[in-house]
Amino acid sequence: MSRTSDGNTAELWVPTGSATVRVPGKVNLYLAVGDRRDDGYHELTTVFHAVSLVDEVTVRNADLLSLEVVGEGADRLPTDKRNLAWQAAELMAEHVGRAPDVSIFIDKSIPVAGGMAGGSADAAAVLVAMNSLWELNLPRRDLRMLAARLGSDVPFALHGGTALGTGRGEELATVLSRNTFHWVLAFARSGLSTPAVFTELDRLRDVGSPPRLAEPGPVLAALAAGDPEQLAPLLGNEMQAAAVSLDPALRRALRAGVEAGALAGIVSGSGPTCAFLCRTAESALDVSAQLSGAGVCRTVRIATGPVPGARVVPTPGIAE
């Protein structure tokens, strides 16, 4: 557990209210990556899918901006201006002309550097929490604008559900997704840097591989049908080859999940978390148990999707 501030850490929370937000991680069901642009970014076409693995973020009024993180991967995260949640607090305060005098407490379940946009989720949660705590009543379009300034995945953490993302991923269109899909998430033993995975993808393409995905239309149709067996063979991620190149153990994990009974497995985003689509909740339990004993990953979690984006918890608990 760690706590820091931008100068002198406040010893006590200022007891003038709090807001707690739950925010989901995401799986990319489809991710096509364009060639690198002149500005260094890549054009993306992706289908985001929010899943029930959530971080809980509590924001309180305080004397100074501070950040504390506990839970999954907390010891690997900065608790200062390098953290996107801290930047979100500063951006929101700047937007409304106030000092960013809040304490942020993050209880993490989304893996760090896992390809599930955990840092982006926490930033989105801070925006929503401060909007509630300070009774700003900013419209969703303003929150989306601030989210897009923070990063490509932050707008989807606000949006939730299932969405088609274009541009750098920040331009979203809601996708109809019937029924509940069941997932097993396998966390790798170490993280992958998103820039490193993009660099490796560029290198692989320079030598002629990997192949490009077809258009996402069939994926959208399978989601609208609510059929996991129709969706499974359509899951695709052009970054997967690069992630596996950097972490070859992912190949074993992907194979083990399918051998355990999953319909299909995919590296989520830039990795290294592997997401396995299962027919039913019971099948997900079986796959989870077998993966846990296979020695191919650090931790296994069961999740469902789609779920809503960042939302205020009606009766927040007290983070100490």
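Keep in mind that glycine also has a Cβ here, set from the backbone N, Cα and C atoms.
What Swiss-Prot says about this protein:
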- LYS26: active site (ACT_SITE)
- ASP153: active site (ACT_SITE)
- PRO111, VAL112, ALA113, GLY114, GLY115, MET116, ALA117, GLY118, GLY119, SER120, ALA121: ATP binding site (BINDING)
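Here the features listed in Swiss-Prot are painted onto the structure.
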| residue | record | DSSP class |
| --- | --- | --- |
| LYS26 | active site | strand |
| PRO111 | ATP binding site | coil |
| ALA117 | ATP binding site | coil |
| ASP153 | active site | coil |
Position of peak Cβ density within 10 Å, selected from the binding-site residues PRO111, GLY115, GLY119: GLY115
Sorted by sequence, non-PRO111, VAL112, ALA113, GLY114, GLY115, MET116, ALA117, GLY118, GLY119, SER120, ALA121 residues with Cβ within 8 Å of centre, ATP: GLY25, ILE110, THR273
Spatially closest candidate among ALA113, ALA117, GLY119, the listed binding-site residues, to LYS26 (active site) (Cα to Cα): ALA117
List of residues, in chain order, with Cβ under 8 A from that of ALA121 (ATP binding site) and at least 6 apart: VAL23, PRO24, GLY25, LYS26, ASP55, ILE110, ASP153, ALA157, ALA310
Neighbouring C-beta atoms (10 Å sphere around the C-beta of LYS26 (active site)): 33
Protein Cβ atoms within 10 Å of ALA113 (ATP binding site), excluding its own: 20
